[in-house]
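For reference, the structure is listed below as structure tokens.
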There are 2 protein chains.
Amino acid sequence: MPHHRSAFFISDRTGITAESLGQTLLTQFDTLEFHRETVPFIDTVEKAEALAARIRERAQIDHHKPLVFTSIVNPEIRRVLKIDNALTIDFFETFISELEAELGQNASLTMGKAHGMISEEKYDHRIEAVNFSLNHDDGVKLKDLAEADVVLVGVSRSGKTPTCLYLALQYGIKAANYPLTPEDLDTTSLPKILLPYRSKLFGLTIDPARLHHIRSERRPDSRYASLDNCRFEVNEAESMFRQHAVPFISTTHKSIEEIASTIMHKATLERHF
Amino acid sequence: MPHHRSAFFISDRTGITAESLGQTLLTQFDTLEFHRETVPFIDTVEKAEALAARIRERAQIDHHKPLVFTSIVNPEIRRVLKIDNALTIDFFETFISELEAELGQNASLTMGKAHGMISEEKYDHRIEAVNFSLNHDDGVKLKDLAEADVVLVGVSRSGKTPTCLYLALQYGIKAANYPLTPEDLDTTSLPKILLPYRSKLFGLTIDPARLHHIRSERRPDSRYASLDNCRFEVNEAESMFRQHAVPFISTTHKSIEEIASTIMHKATLERHF
């Protein structure tokens, strides 16, 4: 019988914090298989009771205690989810009293503010950043780059677009991007159009073999996707970055989150909300 | 003297988990002002020592213990960040031993897997979802909606585009969107082009006054932005949703995270990575 475990990520709102917390801990046990379930919006005792019944059932089927990661503000709801036959990691309860003591103040016990709407102004800023990134994708509308917080530069398919969108959504950063074309790569000069924004440039590079793989999915057997061409383009782009002291990182073994947070850090950008 | 506190979110990788955890806890003390700083990539003892010196300095300036939220796997680095003159909330250490005991296994002590690149296949899937959302924004290319996991429907500026992008980035969901035009709203029939995808439709609605505000930023004093027109469009859209049993939610008081996780939940979508 395989070692079968259930893991529940439970929250009174979006479930994002409970999930992020639980997943981080579970990655430390990577030889085990978990049946994972995120359960958001458990905001009444009734919903919690129905869920508790499901967790108890799962314990019986699995012959192992389910792992229950919770981030719930209301103490009554939390109590319902303390299940004998489960291991509960109660993130809120564990830390809140320590903080209350240090801050000399009681927790306000308001639900789900973390990923809720904090203010219309901040929301608007974020949407504006998303729209900016969409409007400045792939070198379009370069004239108003003055407004950009950062301009990502790299060869086609090096990861610029998803990184820009993530920077906008997660940090409210206005991120434009400029794709280095084969013409740009014929010299190691910076493309003229980018010269006024030198201080905002950040380069992305990628392992040529990985680029070859990505481009082949899109245009198999093309010159564009050939390993030789990928090697050439990546080489030229990196020379350009080095020669003009444009900071750059490789996206090859990184997730979008890692690429984005590395850029935030290295370019010392400040989040806008 | 105002009550001035510093809060550090420290991680050996992206800082996303430590920040999400810490921010959630701090929202419970919303009458206090915090000077917040996220410090990612503290992955050596040297970096930790430099940071510890900074935190000690801050304690002196603030005349209050800084709050230090850490998510760090390496025990040596963690030790450096245990600072007498700070309150450390060590998320990893607190829970890991309980989990080790229950799972009968030691933590693998590998850093930063949570937001790292898990597999190229999953990464590719996510990028594909982002590209899908970009290519199916604003009703473009409706012919291959068969591939979509969900199709968001709503009036202009009801929040469709950022929600689609967030669904793609966060959950790997292929989300298309269709804007209801004034012509669509002349009747309560579903637009013909959407009929084959009825089961994938999810409606977004918004408070007319908020819509008026958003549209006014874009096109002040236009008929498009007028409160009367916003009321009319929202009313008609909601009637359409009700008549055809299209599930819908209001985006008015929700963050993008909340809108997206509500859709995941109500449309019972499964994350793709």
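Here the Cβ of each residue, glycine as well, is placed from N, Cα and C on the backbone.
Automatic, uncurated: that is what TrEMBL annotation is.
According to TrEMBL, the features are:
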BINDING   A:Gly154, A:Val155, A:Ser156, A:Arg157, A:Ser158, A:Gly159, A:Lys160, A:Thr161  ADP binding site
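Listed binding-site residues (A:Val155, A:Arg157, A:Thr161) with a CB under 8 Å from any chain B CB: A:Thr161. Excluding the listed site residues A:Gly154, A:Val155, A:Ser156, A:Arg157, A:Ser158, A:Gly159, A:Lys160, A:Thr161, the same chain places A:Asn177, A:Pro179, A:Leu204, A:Ile206, A:Thr251 with Cβ atoms within 8 Å of the centre of the ADP site Cβ atoms.
Annotation for A:Val155 (ADP binding site): same-chain Cβ neighbours under 8 Å, separated by at least 6 residues, are A:Pro179, A:Leu180, A:Leu185, A:Thr205, A:Ile206, A:Leu211, A:Glu233, A:Val234, A:Ala237. Most other Cβ atoms within 10 A: among the binding-site residues A:Ser156, A:Ser158, A:Thr161, that distinction falls to A:Ser158.
All chains included, 28 other C-beta atoms sit within 10 angstroms of the C-beta of A:Lys160 (ADP binding site). In sequence order, A:Ile206, A:Leu211, A:Ile214, A:Arg215, A:Arg218 are the residues near A:Arg157 (ADP binding site), counting only same-chain partners six or more apart with C-beta under 8 A. Same-chain residues at least 6 positions away in sequence with a Cβ under 8 Å from that of A:Gly154 (ADP binding site) are, in sequence order, A:Lys160, A:Asn177, A:Pro179, A:Leu180, A:Gly203, A:Leu204, A:Thr205, A:Ile206, A:Ala237, A:Phe248. DSSP assigns A:Ser158 (ADP binding site) to coil in the three-state reduction, outside any helix or strand. The local packing around A:Gly159 (ADP binding site), expressed as other Cβ atoms within 10 Å of its Cβ over all shown chains, amounts to 25.
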